[in-house]
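Pulled from TrEMBL, these are the features on record:
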- Cys306: active site, thioimidate intermediate (ACT_SITE)
- Arg402: active site, proton acceptor (ACT_SITE)
- Gly301, Gly303, Cys306, Glu471, Ser472, His473: K(+) binding site (BINDING)
- 92-148: domain 'CBS' (DOMAIN)
- 154-210: domain 'CBS' (DOMAIN)
Amino acid sequence: MKSFEETFTYDDVLLVPLLSDIRPRQTDVSTQFSRRIRLKAPLVSAPMDTVTEAPLAIALALEGGMGIIHKNMSLEKQAEEVEKVKRFENGFIEDPVVVTPEQKIADVYATKEQKGFSNIPVVDAKRKLVGIITELDYSVPEDLQVPVKFKMRILKEIMTAKKGITLEQANKIIKRERIAVLPVIDSSGILISIVTRKDLEKNVFYPNASKNEQKQLRVGAAVSVGTEALERTRLLAEAGVDAIVIDVAHGHSRGVIETIRLLKKERSLKAIDIVAGNIATAEGCRALIAAGADAVKVGVGPGSICTTRVVAGIGVPQLSAVLDAARGRGKSVVPIIADGGIKYSGDIVKALAGGAQTIMIGSLFAGTDEAPGEIEYHEGQMYKSYRGMGSREAMPFGSKDRYGQADAKKSSELIPEGVSGRVRYKGPVAKHIRQLIGGIRAGFAYIGAANINDLQRKAQFIRISDSAKRESHPYNISITKEAPNYPL
């Protein structure tokens with residue numbers, strides 16, 4: 001029988017402050033997500049059905065991170081979510097949302113509420129531009145049943161541009177004419193694309209946005225294993241996905257290794273990085289790198305909604321898992337993604353110091369405006385649902401194969417490894433992302449680390465006692481105002 005090893009999670013340790021001449025704003029938090037994908041911020045959202053679809057992936061990419069679209073949906077719907085991210089900030093928005101003259105203002109209003117578009121082109125049956133409808137052209141609820149044609153601005157009243165115009169030229173027109181949207185049409189009047197003022201503003205306000213060579217926002221998507229993964233990945237590749245994440249609870253398995261090799265052999269996927277996990281040991285990390293993984297995801301059971309460790313008795317405390325994976329990686333340049341167990345920004349600093357290049361987050365992003373799900377009210381407080389992909393509620397929608405239970409025919413046959421619940425409503429995710437990044441920068445500055453490599457070279461961990469853990473949090477006070485980075 002092996003002797004017991006001492007293992008640690010983030011709460012068990014602190015980092016020692018060192019001599020520093022670096023201020024937080026001087027630090028560089030950019031990193032490698034995978035072999036070929038570099039991010040301005042080391043934050044990635046978890047592929048969970050109560051965390052990441054297009055809205056959150058967009059918001060995170062604008063702040064320098066990247067979202068991973070979950071797979072609890074049809075492959076067509078998942079590809080559609082990827083396409084939404086790709087279309088969001090593409091300069092020219094191709095295939096924009098449109099309405100017809102015969103549709104009701106109620107349809108326009110619904111589109112505005114659901115998708116956030118307040119300036120919508122109006123086209124005929126042949127997709128010929130006939131006008132535009134804006135939120136200033138109608139009133140709610142009086143006009144809801146009025147046809148669009150009676151409220152829209154007709155073609156001769158709006159500014160348009162011809163196909164072939166450059167983005168720079170389009171931007172000049174928008175500024176000069178003080179308009180919100182510029183439709184681009186071909187010689188027959190068919191709507192080709194639109195350029196919006198909001199996209200101009202995004203380029204100003206989001207200088208760290210994660211973009212590919214085509215200036216599209218970056219996005220990843222989760223798949224399972226085997227031939228189903230290949231079919232799904234092919235469609236996601238057509239949609240423009242930047243990275244595929246083979247997302248399985250036990251990544252150190254033949255199924256994952258063979259799926260990495262299968263995807264790597266596919267010629268149409270050569271430009272897409274393949275991420276694989278989850279593992280929790282040096283051996284697991286080495287095995288996935290040897291199979292060809294472009295990044296390795298670490299974490300078995302650390303998530304706030306995960307019960308794998310108590311149901312199966314399996315797992316490794318997360319900081320030790322990250323440290324062990326980094327050791328197993330050796331001199332390889334394949335990045336490590338620390339997935340789960342993050343409660344505060346300080347945990348992110350510890351994970352990066354332990355050898356991770358990026359951090360995957362679920363619970364901290366759940367409950368935000370951009371996370372899937374409706375707001376619920378309970379005892380006067382606002383909440384949104386949050387559940388583990390191993391919960392009985394999530395597994396029937398596509399994640400049961402993540403836990404090796406694809407052959408379960410009935411819900412009663414499923415052995416859950418997660419729970420379902422709710423988290424407090426948190427508002428826009430951007431403010432939480434910025435708080436996390438600010439905490440990361442502060443951690444770097446305390447150690448005198450200019451960047452992640454510097455942090456990993458200088459970091460000194462110390463183990464702390466239970467008393468020290470209590471001392472690390474506020475005490476002897478009734479907190480009356482919640483700090484944005486310290487939830488009560």
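Note: Cβ is positioned from N, Cα and C throughout, glycine not excepted.
Feature annotations (TrEMBL) mapped to structure.
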| residue | record | DSSP class |
| --- | --- | --- |
| Gly301 | K(+) binding site | coil |
| Cys306 | active site, thioimidate intermediate | strand |
| Arg402 | active site, proton acceptor | helix |
| Glu471 | K(+) binding site | helix |
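Counting only the Cα atoms, the space from Cys306 (active site, thioimidate intermediate) to Ser472 (K(+) binding site) is about 25 angstrom. Around Ser472 (K(+) binding site), the same-chain residues six or more apart in sequence whose CB sits under 8 Å from its CB are Leu14, Ile464, listed in sequence order. In the predicted model, the domain 'CBS' (154-210) has a mean pLDDT of 87. Across the range of the domain 'CBS' (92-148), the DSSP-based residue counts are 12 helix, 17 strand, 28 coil.
Each of the recorded positions Gly301, Gly303, Arg402, Glu471 was scored by how many other Cβ atoms lie within 10 Å of its Cβ, and the smallest score goes to Glu471.
Proximity note: of the listed binding-site residues (Gly301, Glu471, His473), none has a CA within 10 Å of the CA of Arg402 (active site, proton acceptor).
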